[in-house]
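This report concerns only the one structure given below.
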Amino acid sequence: MSDAAPHTAGGAHTADGAADGGQALVREARALDEADALAPVRDRFALTDGTAYLDGNSLGALPLPVRDRLAHVVAHEWGELRIRSWSESGWWEAPERIGDRIAPLIGAAPGQTVVGDSTSVNVFKATVGALRIAAADDPARTELLVDAATFPTDGYIAESAARMTGCAVRPVPAAELPGAVGPGTAAVLVNHVDYRTGELNDLPALTAAARAAGARTVWDLCHSAGALPVGLDEHGVDFAVGCTYKFLNGGPGAPAFLYLRRDLQPRFDSPLPGWNSHADPFAMASGYTPAEGALRGRVGTPDILSMAALEEALTVWEEVTVDAVRAKSLALTDFFLRCVRAYAGERTAVRVTPLTPGEHARRGSQVSLLCDPVDAAGPVMEKLIARGVVGDFRRPGVLRFGFTPLYTAFRDAERAARVLGDVLA
Ligand SMILES: Cc1ncc(COP(=O)(O)O)c(C=O)c1O
Ligand SMILES: Nc1c(O)cccc1C(=O)C[C@H](N)C(=O)O
């Protein structure tokens, strides 16, 4: 069965617009794509295999210019210049240079963002750094609040960071965190967007509450960087981390970023004080003197090939604003939710309920659907993928669909919902 045109099998039966077999939704998707100012940006990505790729919240698609950039770095910078490239090709400064390219996307002025290591490692650096500053200010602050639904790596690392610093972790549902911070709170580690549900947590309110209580904040921006405005400087966030292989399309295993607010940099006592963060690395001194600025967040030798891919991937932002991306993201997820209601309806054998909030202010750039029965979710996603609709599945029963406005079209959203309706039927 072709998925290119709507048909009436299975779905297409609710009062929500698919009584005509989905023709109206197909026409609407076409009109939305025609009016979409970001539509031409899709041509910069390797997306010609006919799939509706809705997994950019896990691994972003390949930006085409990355291929030539990597070929050049390998052939010329590594192949011909070899060690000279540390200075002549700008390899040594890549972590700060690329950090400053990410900075405007997360609302940070230059000089506060550094790229390198994985998100997990940066969660460790930022959390221990925050706890050490809190302890220096007030040793009675021994509580590390973590949002209860956190991505696992943050929770595991929070436990270790707390053990190292004599603190204790207290998991609290994200919405309750502003009321939970108190005089004993040293720091709060929280995800901006919940990886499982796609819920957007209230960064301004929680950061303000933490500041008022004298606690430090560490935000995990993995699912918001490149998807929506963050406003780190504006809201007075202390530390932030995030991945670059999701909405920033930096490639598999692309290095993460670490934001150290400028006024805290002199106080940032890294738990991983590698030689790259030394004030004079090539002095090869036996004693450690930390560098000034964001490069205090570096550890060891940067992974140049991945850095080069990321740097090239970020060039798309020279033409695109985060506000435009956010506006399209909300329009895409609104439209997808409407299509799901129309095609999946109430009468399918497997039912789906959105876990992602309907309110724009509480929605990230993905839509998560909970399957009933839950154990249907894995097989449903396998069937979707077999039919060219690529989302992912998180146990036990969640279907995730990520919307990357740089390359996701409204026709992808319509098709995904239509195929989903068929599969659920
Ligand atoms: C919210 C969140 N934090 C942290 C991570 C872990 O990142 P990494 O595997 O790059 O350390 C991920 C995804 O893998 C994530 O979604
Ligand atoms: N980092 C990943 C990987 O190496 C393999 C598979 C998936 C991932 C992910 O990024 C998972 C992702 N953070 C999530 O939101 O579930």
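Cβ coordinates are placed from backbone N, Cα and C, and glycine is handled just like the others.
Over in TrEMBL, the protein carries these features:
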- 1-20: region 'Disordered' (REGION)
- Thr119, Ser120, Phe151, Pro152, Thr153, Asp154, Asp220, His223, Tyr245, Trp275, Thr301: pyridoxal 5'-phosphate binding site (BINDING)
- Lys246: N6-(pyridoxal phosphate)lysine (MOD_RES)
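Around Thr153 (pyridoxal 5'-phosphate binding site), the C-beta neighbours below 8 angstroms that are at least 6 residues distant in the chain are Thr119, Ser120, Val123. Long-range C-beta contacts of Tyr245 (pyridoxal 5'-phosphate binding site), restricted to its own chain and to partners at least six residues apart, with a cutoff below 8 Å, comprise Leu59, Gly60, Gly251, Pro252, Gly253, Ala254. Put plainly, the binding-site residues Thr119, Thr301 were compared by Cβ crowding within 10 Å, and the winner is Thr119. Residues Thr119, Ser120, Phe151, Pro152, Thr153, Asp154, Asp220, His223, Tyr245, Trp275, Thr301 are recorded as binding pyridoxal 5'-phosphate; their most distant pair of Cα atoms lies 30 Å apart. Over all protein chains present, the Cβ of the residue listed as 'N6-(pyridoxal phosphate)lysine' has 28 other Cβ atoms lying within 10 Å. Taking a Cβ cut-off of under 6 Å from any atom of ligand 1, the recorded positions Thr119, Phe151, Thr153, Asp220, Tyr245, Lys246 reduce to Thr119, Phe151, Thr153, Asp220. Rounded to a whole value, the Cα-Cα separation of the residue listed as 'N6-(pyridoxal phosphate)lysine' and Asp220 (pyridoxal 5'-phosphate binding site) is 13 Å. DSSP classifies Asp220 (pyridoxal 5'-phosphate binding site) as strand under the three-state reduction. With a 10 A radius on its CB, Phe151 (pyridoxal 5'-phosphate binding site) counts 18 other CB atoms from all the protein chains.
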